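Comments concern the structure below.
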Amino acid sequence: MRDICRVLGGDFISLNDANVLNEIFHYVHINGYRDVSYWVGASDEGEEGHWMWVDNINVHMNTPLWGDLVYHGVQEPTGGALENCAVLNHHDDFYMHDVNCSEAYYILCEASPAGCEEACNEACNEACNEACNEACNEACNEACNEACNEACNEAYYEACNEACNEACNITTSTVTTLECSFPYEDIGGRCVLVVSPSNGTWWEQRRLCELLNGHMLKLNDANLLGAIYDYIVAQGLGDYSVYIGASDNQQEGDWLWLDGDSVNMGTPFWGNIGFDFQEPSGGESENCGCLYSPDHFFIHDVSCDNLMGVICEY
């Protein structure tokens, strides 16, 4: 099936930006394509357990991309050496699952913008020649042949990628370290404080964030959810749910952040109860949002009177 994408001038889709999964989720629902699963460009065929996209970038494991088979279950991938390819599983709200590569599913392809390849090659060659010559001359002062080749190769790839992205109008994410005031930390490019374990209602924890010169977390970026998940697990806080700044207190079903912006609904933000239905599911009795520890810290609606910790930001 991957050959079909290649014939069309593309390849299987890579979800390096987890927010793209949210766009796909809404697209398949709006257009009536929600009853089938789709191949994506992730596999661990090269090395068992080391999942890579087709563009040779590491797949972010666990939340926010991977689902599970049952509620309170083990998060995917779970198939071991028998399941080395990945699909967006329509039974699990299009979260990723590992499957056998010989199974049959629909496909999701992606391609560069029209005209990008020609512009990329031209810009790449020009930038690479300049960067290579500069790096080569500098390195030659020490040990010409060996250092020149090494420096040239490094400069080539760096300059080529930069020139290609500029020519194709592609925005790439860069890792920058924020200087956050104590007690906040840079997590996923935001100044965040995880107050956990802690016991307070949603309203009490909202006030706590304000006393700490911040506000409850606005989780409007799926990649940030992944960074927060990684942080929570690394800190040994995986058993404790935490409130965030999402609620539908003003109008049932209209989920808003504290600043009035709408909460992204669906995958990969909201969790589910097995394969039955996706959160939010509590109706008028559950009007506040939390990152729910039994469901891999995906968002769930809960009673605002539940006692738990909170994530603040400023």
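Just so you know, glycine gets a Cβ as well, placed from its N, Cα and C.
These numbers come from a predicted model, not from an experiment.
The DSSP breakdown of the domain 'C-type lectin' (1-110) into helical (H, G, I), extended (E, B) and coil residues amounts to 24 helix, 28 strand, 58 coil. For 1-110 (among others), the entry in TrEMBL reads domain 'C-type lectin'.
Among the features that TrEMBL reports, domain 'C-type lectin' is placed at 187-313 (among others). Counted with DSSP, the domain 'C-type lectin' (187-313) comes out as 29 helix, 44 strand, 54 coil.
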